[in-house]
Amino acid sequence: MHYHNKDDWEEISFIGEGQYGRVIKCRKKNGFILNEQVDYVAIKIISKDKFKRNETDILEKIRLFNIPRYYSHAEDDNFIYIYMEYIEGENLANILKTKKQGRFKESRIISMIADLVETLSFLHKHHVIHRDIKTANLVLDKNKNLKLIDFGASTIQNKKQFEQYLNETTNNNNNPNNNNNNNNNNNNNNNNNNNNNNNNNNINNINNNNDLNGSGSGISTYLNEQYKQSSFAIIGTFNYMAPEVKRNYRATRKSDVWSLGCTIIEMAGGDLSQKLNGIPIIPDHLSDTLKDFLNHCLVIDPKKRSYMEELLSHKLIVHIIGPNKSKNYGVEPKFKDDDDFEEIENEKDNYLSSRFPAKFAPQYEKPKWEIEFEELEFDKDDSEGGAGNFGDVKKGLLNETEVAIKFVKKAHCEAITVCDTFYHEVLILSNLRHPNIVQFMAACIKYGEKETNHCIVSEWMSGGNLTQFLMNNHKVLENNPHLRVKLLTDIAKGILYLHKQHIIHRDLTSNNVLLDFKREILPNQLYGSNEFTAKVCDFGLSSNQSESKKLRGGSIHYMAPENLNGSPINEKSDIYSFGLLVWQMFSYAPPNTIYSPKEMASMVSDPKQNYRPQIPFNVPLKFKELITQCWDRNPLNRPKDFSIIIEKLKEIGLTYNRSSSNVSPINSPLINNNNNNYNNNHLNSLSSSLNSSPTYYAKTFGDSNSNIDVYHSADSITPIVSSPPIIKIDLTQDDWDSKLKQLDLEHENKSLISISINDNNNNNINNNNTNNNNVNDLGYC
């Protein structure tokens, strides 16, 4: 464990205090935690003799959108310091105090229930019990997102413990239940509950209004030392405690369900101290659907109480979530062996079936984007779309619109990890809208049918992926170098949008960039920037920033050194991959294809080798700087975010503009054609076809003086990135009757400049230039 150095931190404000510690808002003076720039951090300070390892274990291994992100923890001589995401917002208990009627609107309550049930269902699936669900431990951040805080009371329970608990409650409980049609049973059961409570010395002296774990800042308290570190401990807040916990039985997943019901009643303005037959009274103003949901939560007998994942399929939740609510999709946690979990290392629950148990299938409401497979038209033998890791991509029609259909191979349909990846991509795509993100249109998903085709339908991109384009059409970039800036800017804008949505792509490669062209691609043709569009695709490995800690995945040859070494993935990981894409724009081939993934991972991750592919000699200085900054070994030395990269690309684009401003008109009489038949008629005929005056602009091309680009005056010398040359004249083509020996340009300062050219025998023809300034400066990047 690291040592906490107070000198590294600036304390900003006090957040809260419990019986065993406090929470403060801090800022690290260097601004970085785990190589990630973070403005503020919430630090929970706990006395060492009261510290529970469970809390850090859970926070470290469970990463969900609705749970504050855990960074790390440290210690000094007396305390443990837990560094977590600082949430700018207020807890529900305090918000309720400001409400005139002391309650939230039902629509808002239902939305928060959906978030909370999804989060708790995921925790329970991995044997984590929160044990202190209440309004004080639910925070609305500045964007109105619900966050579940305080895992100080949480515990981890395996299956044997749960079965033992069920046996105990069966033998000791006289079958209590909350059937509203059987009030006599309820009264008898509550009498039993009261007797048990009266005999429980731990409960007798507790005031119903006091939190057993201190304040909402979340430092756990234990009533009896013998229960410490055990799910048998009576921990939590009394008014929210399940009846079995009050009777000193262990807390289980069902206990969280009861606490959830109590929390909802408080959200709705109810009084938890008012009970009927031991059950909090449900406010009359709630809808029948919400009341029915509460009746599934507030059941005295835990065996008859619903599980959290069963609540996911209640019509109240299905109506809100559907299958396209993505933000709580979590990372499979792997706990240490000493946690003594059975089968947890191999547990790969099917995410689709866990969200929608079969017995609730009739309540499923199909989202707008889900289609029937029969609605798609495509040729099964068509291979135009290509193939991927998990299936083929085919060109097809949906409602007479050209689309790309991404299939999951039937052989993969039963593989749970593939199903999760496929479904996860649908969840992400269905919520994204940006001109540089491939537009999701529909999906075909069938639950529990192995033979069903699973597919994602998106817009058809006519240009294929960037890998294919660079390998087969790199001459287009050589003749239209401004397109490099355009395509890279498109990619950067797409990734910047993802990062603003708190999504990290994690697999940014040339295969996952698709292109669209407005006209046919020909090697020697000249194109405008607006004729090319690049869009980012393939989000199967993408993750929420709060979920991405210690996630690994992606294409090895594009992965950053820190990720290969197991460090957290963040925005800087995508920036590293982008650096390799910039490099690829000049090398035209994927990086490091001569090495195996294993060799590549070793060479890149090793600080001594620190391998990167060699930058081609033809890469201009500004691009070299961008490449080396993006793939720097130290993430802190990379650009802060993609907005910085976009600005750098914009600056490179402006150099084209500045170069163009030095280009001079070529008037036909100034072209000396002493020994050939190529004359002004060629330029004049071009001008006539364009319905413009015969005035042109010249620009040298690359490092070669044998070619010259001619611009029509209609372009008005606007930036090259938006207005490319109309025609390029190659002075060495054999179809010319003879060679131009000299080309005079009228420069801005009215001096004449002559440019050396080569004849077909590569003999240099001396020039008579009197002023060669700016000629080489006009070269493209």
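Cβ coordinates come from backbone N, Cα and C, glycine included.
Keep in mind that what you see is a predicted model, and the values were worked out from it rather than measured.
Here's what Swiss-Prot has on this protein:
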{"type": "DOMAIN", "residues": "9-317", "note": "domain 'Protein kinase 1'"}
{"type": "ACT_SITE", "residues": "D132", "note": "active site, proton acceptor"}
{"type": "REGION", "residues": "168-209", "note": "region 'Disordered'"}
{"type": "COMPBIAS", "residues": "171-209", "note": "compositional bias 'Low complexity'"}
{"type": "DOMAIN", "residues": "379-654", "note": "domain 'Protein kinase 2'"}
{"type": "ACT_SITE", "residues": "D507", "note": "active site, proton acceptor"}
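Cβ crowding, taken as the number of other Cβ atoms within 10 Å, peaks at D132 among the active-site residues D132, D507.
Taking the C-alpha positions, the distance from D132 (active site, proton acceptor) to D507 (active site, proton acceptor) comes to 38 Å. In the three-state DSSP reading, D132 (active site, proton acceptor) counts as coil.
For the recorded site, D507 (active site, proton acceptor), the DSSP three-state label reads coil.
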